[in-house]
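Report on the structure given below.
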Amino acid sequence: EPANDTISQLVLRRLFDDNYNKNTVPLKTSATVVSIEFGIQNIAQVSEISASFTLDLLFSQIWHDPRLRFDHITTCLQNLTLGYSVNLVDIMVEKLWTPNVCFVNSKKTEIHSSPTPNIFLMIYPNGTVWVNYRLQVQSPCMVDLVLFPMDVMNCELIIESYAYNAAKVKLNWREWQPVFSIAKSKLSDFTLYGLQWTKNSFEYAAGQWDQVWTLPGIFNYLVFAFQLTVSLTFSRAYGFYILQMYIPTYSSVFLSFVSFWIDLKALPARITLGVSSLMALTFQYGNVAKNLPRVGYVKSIDVYMVLTTAFIFLTMIEVAFVCYLESENNMRRKERQAEKKKERVAALQRKKDKKKNNYGATTMTNTNAADSDLRSNYDEPFSNGTASHKISISRQANNMFESLHALAQFGIPILKILFSCLYFNSEFPGLLADDDDENTKWTAQNVDKFCRKAFPLSFCLLNLIYWCYYLYQNYLAKAEALAQMTPPS
């Protein structure tokens, strides 16, 4: 081993002598091909507030530099493996040529230090260089909260050589599984279900390096570079929002429906129940909304909140409506009772004026009364019965009522009450009835009975439509996000 260390030092001095220039590319006649390997070690965070995600990853670059061949120097070394040290820093930063690969869309990139910077360098005898970094990268995401909390987020990392165009450096993915993940796919609030990688060419304002003839003798230089893109698609796990948002609000809404079973006389209880449900709903939505970015479009949860708030508000409107309806019905009931009372008094007065001389001793001036009075028949038992045969059944019934009224005039209270009930109910039907509400369709009780069925059924139906629609939109968003990711080339 000491001999190997000595040989390693000798090889490093021979490789990085004065003839090695880190500012020139390894190949003069063609582009240097750099193979990229991208390993996701951990998904630290996905934030819709900052529209970004944070990854811990292992990032490898592999290229061939003929100037670093040492197989002609010694055959004792299979490779030169160098960890982080002062000498390695000097070699990497000051002496070694690198393709200067970077994440062009990252917000922040750091090399892990635990406790020393996690950098790995290996040089093979044929001049192949392998550099590996353990990084923490924060990159932007495309946040669309229209389907929140059933939304899908697409996050990208774009890899490019910052200092060299495609004529000097070509970036390619490694031939076998260039992008892999050893991290857990399920986070606390997101699930990683899509991981794709692509290769694209990006044309800058200066154009391409390829020479294009526009006019005779004039060259138009265009610059373009290769870009490698890693796309991660996250689907939000909405179980937290079902437990913390949907179920409590469902409880508040159904609790407000209980007021339909409370008697209208307990009006303060019905009002308190509706107001308390509305306040609880507002509090639940406030806890969720404060953790969301301020966007100017309507989200799925906004539609749900408008739906639930509208039902609680309608329960309060129903309370006001039945109170108004009950007040109007009471007023109309009192007016009808007063009118019927006047009609009964007028009818009694008219009957008294008409019949005041028809009871007691029968006079001969009123032959109809004499014939119709039953007592006249009983005072002459030896008559031939010719008059009694002329009396019909209907007249006997009327005479019975008149006889009862005559007895009532002599001071029999029970018969007087009986006569009043029988006579006026037969002669003037409805005058003695007190159930005036039977002719009124819209009463407070009928409205409450209707709302007991209409409100829960309509709320359940609208929720069924809500969930079916947004779950289907969530499925379409996932399919669209995966369709936009072309197969790796």
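Placed from the backbone N, Cα and C atoms, the Cβ positions cover glycine too.
Feature annotation from TrEMBL assigns domain 'Neurotransmitter-gated ion-channel ligand-binding' to 11-201. Predicted-model confidence for the domain 'Neurotransmitter-gated ion-channel ligand-binding' (11-201) is 86, expressed as mean pLDDT.
Residues or ranges marked as transmembrane segment in TrEMBL: 218-239 (among others).
TrEMBL lists 245-467 with the feature domain 'Neurotransmitter-gated ion-channel transmembrane'.
Here TrEMBL flags 245-264 (among others) as transmembrane segment. Packing against the transmembrane segment (245-264) from elsewhere in the chain are residues 149, 270, 273-274, 276-278, 280-281, 284-285, 288, 301, 304-305, 308, 311-312, 315, 318-319, 322-323, 326, 444, 448, 451-452, 455-456, 459: each is 6 or more residues past its ends and has a CB under 8 Å from a CB in it.
According to TrEMBL, the transmembrane segment annotation covers 271-289 (among others).
Among the features that TrEMBL reports, transmembrane segment is placed at 301-325 (among others).
According to TrEMBL, the compositional bias 'Basic and acidic residues' annotation covers 333-345.
The region 'Disordered' annotation in TrEMBL covers 333-375.
According to TrEMBL, the transmembrane segment annotation covers 454-472 (among others).
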Residue numbers, six or more beyond the limits of the transmembrane segment (271-289), whose CB comes under 8 Å of its CB atoms
241, 244-245, 248-249, 252-253, 255-256, 258-259, 262, 301, 305, 308-309, 312-313, 315-316, 319
Cβ-Cβ under 8 Å with the transmembrane segment (301-325): same-chain residues at least 6 beyond its ends
148-149, 241, 245-246, 249-250, 252-253, 256-257, 259-260, 264, 267, 270-271, 274-275, 277-278, 281-282, 285, 288, 442-444, 447-448, 451, 455, 459, 462-463, 466
